[in-house]
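A.B. asks: Feature annotation from Swiss-Prot assigns region 'Disordered' to 304-323, 1000-1019. Here Swiss-Prot flags GLY306, ALA307, ALA308, THR309, GLY310, SER311, GLY312, GLY313, GLU314, ILE315, ARG316, ASP317, ALA677, SER887 as ATP binding site, drawing on sequence analysis. Feature annotation from Swiss-Prot assigns Mg(2+) binding site to ASP678, GLU717, ASN721, ASP885. Taken from Swiss-Prot, the feature compositional bias 'Basic and acidic residues' applies to 1000-1013. Swiss-Prot lists CYS1136 with the feature active site, nucleophile, giving sequence analysis as the kind of evidence. Positions annotated as active site by Swiss-Prot, on the basis of sequence analysis: HIS1261, GLU1263.
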Amino acid sequence: MEILRGSPALSAFRITKLLSRCQDAHLPVSDIYAEYVHFADVSAPLSADEHARLQRLLQYGPSLPEHPPAGRLLLVTPRPGTISPWSSKATDIAHNCGLSQILRLERGLAFSIQGPNLNEGQWKQLAALLHDRMMETVFTDLQQAEQLFSHHQPAPVQRVDILGQGRSALEQANIKLGLALAQDEIDYLLTAFTGLGRNPTDIELYMFAQANSEHCRHKIFNADWVIDGVAQPKTLFKMIKNTFEHTPDYVLSAYKDNAAVMEGSQVGRFYATAEKGIYDYHQEEAHILMKVETHNHPTAISPWPGAATGSGGEIRDEGATGRGAKPKAGLVGFSVSNLRIPGFEQPWEENFGKPDRIVTALDIMTEGPLGGAAFNNEFGRPALLGYFRTYEERVNSHNGIELRGYHKPIMLAGGLGNIRADHVQKGEITVGAKLVVLGGPSMNIGLGGGAASSMASGQSDADLDFASVQRDNPEMERRCQEVIDRCWQLGEYNPILFIHDVGAGGLSNAMPELVNDGGRGGRFELRDILNDEPGMSPLEVWCNESQERYVLAVAPAQMALFDEICRRERAPYAVIGEATEEKHLLLNDRHFGNQPIDMPLDVLLGKTPKMLRDVTRLQAKGDALQRADISLAEAVKRIMHLPAVAEKTFLITIGDRTVTGMVTRDQMVGPWQIPVADCAVTSASLDSYYGEAMSLGERAPVALLDFAASARLAVGEALTNIAATQIGELKRIKLSANWMSAAGHPGEDAGLYDAVRAVGEELCPALEITIPVGKDSMSMKTRWQEGHEQREMTSPLSLVITAFARIEDVRRTVTPQLRTDKGDNALLLIDLGAGHNALGATALTQVYRQLGDKPADVRNVQQLAGFFNAMQRLVADQHLLAYHDRSDGGLLVTLAEMAFAGHCGVTVDIQSLGNDALAALFNEELGAVIQVRAEQRADVEKLLADHGLANCVHYLGRAVAGDTFDIRSGTDVVYSEKRSTLRLWWAETSWQMQRLRDNPDCADQEHQAKQDESDPGLNVKLTFDPAEDIAAPFILKQARPKVAVLREQGVNSHVEMAAAFHRAGFDAVDVHMSDLLAGRTDLQSFQTLVACGGFSYGDVLGAGEGWAKSILFNDRVRDEFEAFFHRPTTLALGVCNGCQMMSNLRELIPGAEHWPRFVRNLSDSFEARFSLVEVASSPSLFMQDMVGSRMPIAVSHGEGQVEVRDAAHLAALEQSHLVALRFVNNHGVVTEQYPANPNGSANGITAVTSVSGRATVMMPHPERVFRTVSNSWHPEEWGEDSPWMRMFRNARKQLG
């Protein structure tokens, strides 16, 4: 084992935070220093040259002050027996740099602790504080890291002696292996294997448990029901299917695949052809697929990997739909118990305790969103939608007074994608078809995820919880998706016959499911499975849940093509078996010469015992709202701090919202970028205004009073959230229903049945809406011992509805931004509660630790449908200036958020809403506030009346310029406050979370910036006409110069980059680094090169640095790049990851010697912003006629801060006039202040060019916003092309 020291690992503020945590834990630590240390497992000693190359490879990241480690060593590494994602990717880079004798690289974090007065118990306490016990271990000596590379002999399969010991042997195995088998399933297995005349193996039992777990089989949703002694006519699943039977319109696939599919639009899908690799538009149907999953159990145990693999698994579900599909846009949601932010605890937050085996709600909301965002970011899928609810209270619900909350959290992961018409249905698995595992190797992780997540927290052994934690490698999943993309793009020649993702249960669930769904059996070889841990037993190899894997059936004649695609994308795969005529599973193990699995498929997946739920209804209790202690002014302040209501910027700016270039509505609204969007919208392609929308609906606390009302409201809210997009008819909307329940808890089962019936049998059929997809999680309870008391925290029944729809015109989407620049205006409330104004289970009751008695509900189904249809007319006719639905916090919050988005005031009169101001302002009945022009008010009110809404419409008042927020009832002032004051209250929760998680100085700067009342918002100043196509004369000549659209594994922004160059008149050619390294392509034939954004190698050796070093350490490819850069007629552009990469190639680029490096953002966080930049005077040929222009641009990076050697280096860069772009604030002043400058770069620098101007590198993404509709905000006068299109046309003009 080689040991190589790395760079300092923690910034000053991270060390300060660590010291503060030590202080809070009463640990007398005076100083901490941390640096990376690298360990290399080598097959042969490295030569001096190889050692130097490895040393250079491992020099990465920001240049932080070094000092010799002093104090006692605590070395934090991945757990022995596991392989970290860092290791997988760093080893790939080493191999691509010619260091083939390196078997594996691993990294640790070496803490040098100065704490001379710590006793041994305190050292153990400190070690626990420094690492995640689920993922890491702590050593006290560097040599102990040798354990990371320990190799073990494979363990043999174990047999369970049922022939000798009978039922007791199965019962013991059930406990030992954590199988969560029911008694009737034990009986079933005993009968089955006795009939086969042999003892089952541990792997067969484990496989059965996973395949038949509640997680995978949905037993409760398929159960028979008896309620109050009366047999019920339908299962839960049949009631959901009733929506499809009633309204099958536009649904192409439901209930039978990894995701549902509905009709989309005929558009030009943009991708490179297989023959020539040239990008072009292909006119075809882009149907819409939809899926929403939950990943609750792993997120409670270890939030980052739990949430990350939740998003990753859902992305795989989308990609594995039909014969291969394309994930496009994602959503993430969280329900947790109270945060109790230190120093910011809220009046309603009591600490009821929790078990040690799960983390706190604060931990979940600190780490979980980062994990979900990081996976989506690295994979290259924008996360555009979400929700965040906290609930934890002692309430009087159906079962009397008890604790209700989310100690077992909800982690929601979902999204939409596109699929070709001819790939919607799975193909036929032919006998002899090759059975393939695509993706990374097996590792001993995530064992038991399906069975573990099917148990209430506290029922399973803590070691089994530990075993079910997973790890994420989104860059590997991206490689696999690129393979799937290449396959579906082949159309009828697609080599994929059948595909499933690998999720719960690993291959033990995926492979039987694959062959069974294809009507076949399978014969497999265990030792052909890619395996990074050969010491695993057969059970561990077959059943582990290593992520980023798919199982496929490929025709033998197509294997050569499939192999070629995988090699080019560097996506590992293994052929592990063949499909058989007989529906039988045979798993051979050539190492031991036996068959760990040899069983008929119908034993595994056949008629296992059907569940019967015999339950009793309980009536909700609740308590009348006690108003004595409620003051309206105090209520407003509390509600503005409630996470379900409060600003969620801290959850949003960590997630890339612009990748693909097809995002037309993200969470951030208007010139002030306020996170209040009601829904997410994407364009169907890069050449179309057709699109897709998705929205969420969720009202879980209402279930504590009325199960069915809670479910109806979830559907209603999803509809009111999506209503201000141009959809057309209501039946175009399709829903995903995710049901979370504590099955078995008194009253909950019958409540679940009533809720499903309310939606599946009544509401959705009446609205003609289908639920073609969904998921259930039936173990939402946590048990623990608190002192001598046994406690339980039970989740409310929680239905999360996601609405999906095809969009007629993405430009018609209306946002909550109030407009004061459109003349006199009117604000109208459409109250679908029709005056009921119920306050039960609202934000108001929650912040006063009450529940109330009567909740909101869908009062009139016809009016709900009429409301949607009326909004469709108003959207199509462009009569709406602003729209925002009423939800958490009620009317007051709706108006406040609209005013925040418009940076304006409101004056309203609520007299028509009744005499109870508290109920009028804080009820959460369905509805919306719309803003219309004053002169159109009468017409709008008539249209609403024509749709049956006459009794729901109330004129409130108007939006006004300024900082007022005034609510009156007739002549009485009900509430008056500055809008800016409300805005700061609303922002405080996000600010406090950001301070805890990121650089607190940056969080403080952002909070301070929100207090600038003179902020004009994003604005534009152009020195050129963006409507002028300066490339047109050259395009007319029909000469299309070739641009090499360069990507490395992990790059994810190449398609939109190719589209921008294509529009400017180039032939954009897909060039993978593997093409250059293998000599299949060279740069000789290209006049332009663009290095694209993303996460090459997952940024493990510094952003873009691994990519650059794979060029620098390969002599032939290095020479090729150097020759290209020295050719006097070439152009080169590097964006984001490509910018970082090219900055590390500056020794090859003439006139680039003053270029800086790009390192970790000052905030120490990934930053996704829509930032204002100014084009500086520089030689850049890409920006030659844009100098002086100021306009917003997409920013998405974690490592964009300019790093120079010293002040002299910065001065030389400036004096050479090589700075091409700078961040400016909304006043147009160059800035280093966060967040206007999202990465902290000196002098606002965010792009530089070479002396000749032929090579330009920039951190922001012009390719994602070259279309006007792809800008989060834009002036109304812009046409199809945004001003950033000029960059690409300048390049085309330059080439003549």
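Using the three backbone atoms N, Cα and C, a Cβ is placed for every residue, glycine included.
Mind mapping these onto the model and telling me what they sit next to?
C.D. replies: Cβ atoms under 8 Å from those of the region 'Disordered' (304-323) belong to residues 132, 134-135, 253, 257-259, 261, 289, 291-295, 297-298, 330, 332, 367-372, 374-376, 379, 381, 411, 413-417, 419, 423-427, 446, 469-472, 474, 477, 480-481, 484, 487-488, 494, 496-503, 547-548, 550 of the same chain, restricted to positions at least 6 beyond its ends.
In the three-state DSSP reading, GLY306 (ATP binding site) counts as helix. For GLY306 (ATP binding site), the same-chain residues lying six or more positions away in sequence with a CB closer than 8 A to its CB are HIS295, HIS297, PRO298, THR299, ALA300, GLY368, GLY371, MET411, VAL469, GLN470.
Applying an 8 A CB threshold to same-chain residues 6+ apart, the list for ASN721 (Mg(2+) binding site) reads ASP678, CYS679, SER695, LEU696, GLY697, ALA803, ASP885, SER887.
Same-chain residues lying 6 or more positions outside the region 'Disordered' (1000-1019) and placing a CB less than 8 Å from one of its CB atoms are 13, 649, 670-673, 903, 963, 980, 983-984, 987-988, 991, 994, 1162-1163, 1165, 1170, 1172, 1190, 1192, 1226-1228, 1233-1236, 1240, 1273.
Classification of CYS1136 (active site, nucleophile) by DSSP places it in coil, neither helical nor stranded.
Classification of HIS1261 (active site) by DSSP places it within a strand.
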A.B. asks: To the nearest Å, how far is the Cα of GLU1263 (active site) from the Cα of CYS1136 (active site, nucleophile)?
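C.D. replies: It is 11 Å, counting Cα to Cα.
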A.B. asks: Does DSSP put GLY312 (ATP binding site) in a helix, in a strand, or in coil?
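C.D. replies: Helix, per DSSP.
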A.B. asks: What counts of helix, strand and coil residues does DSSP assign across the compositional bias 'Basic and acidic residues' (1000-1013)?
C.D. replies: 10 helix, 0 strand, 4 coil
A.B. asks: Rounded to an integer, what is the Cα-Cα distance in Å between GLY312 (ATP binding site) and CYS1136 (active site, nucleophile)?
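C.D. replies: About 23 Å separate the Cα atoms of these two residues.
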A.B. asks: Does DSSP put ASP885 (Mg(2+) binding site) in a helix, in a strand, or in coil?
C.D. replies: strand
A.B. asks: Could you check which of the recorded positions (ALA308, ARG316, ALA677, CYS1136) sits closest to HIS1261 (active site), going Cα to Cα?
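C.D. replies: Result for HIS1261 (active site): the nearest of the recorded positions is CYS1136.
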A.B. asks: Hey, for the Mg(2+) site built from ASP678, GLU717, ASN721, ASP885, who else sits with CB inside 8 A of the CB center?
C.D. replies: CYS679, SER695, LEU696, GLY697, ALA718, LEU719, THR720, ILE722, ALA723, HIS884, SER887, ALA928
A.B. asks: In Å, how large is the greatest distance between any two Cα atoms among GLY306, ALA307, ALA308, THR309, GLY310, SER311, GLY312, GLY313, GLU314, ILE315, ARG316, ASP317, ALA677, SER887, the listed binders of ATP?
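C.D. replies: It comes out at 32 Å between the most distant Cα atoms.
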A.B. asks: List the residues of the same chain that sit at least 6 positions away from GLU314 (ATP binding site) in sequence and have their Cβ under 8 Å from its Cβ, in sequence order, or write 'none'.
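C.D. replies: Spatial neighbours, sequence-distant, of GLU314 (ATP binding site): LYS291, VAL292, GLU293, GLY330, ALA413, GLY414, GLY415.
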A.B. asks: Can you tell me whether DSSP puts ASN721 (Mg(2+) binding site) in helix, strand or coil?
C.D. replies: helix
A.B. asks: Given ALA677 (ATP binding site) and GLU717 (Mg(2+) binding site), what distance in Å do their CA atoms have, once rounded to a whole number?
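C.D. replies: Distance (Cα to Cα, whole Å): 14 Å.
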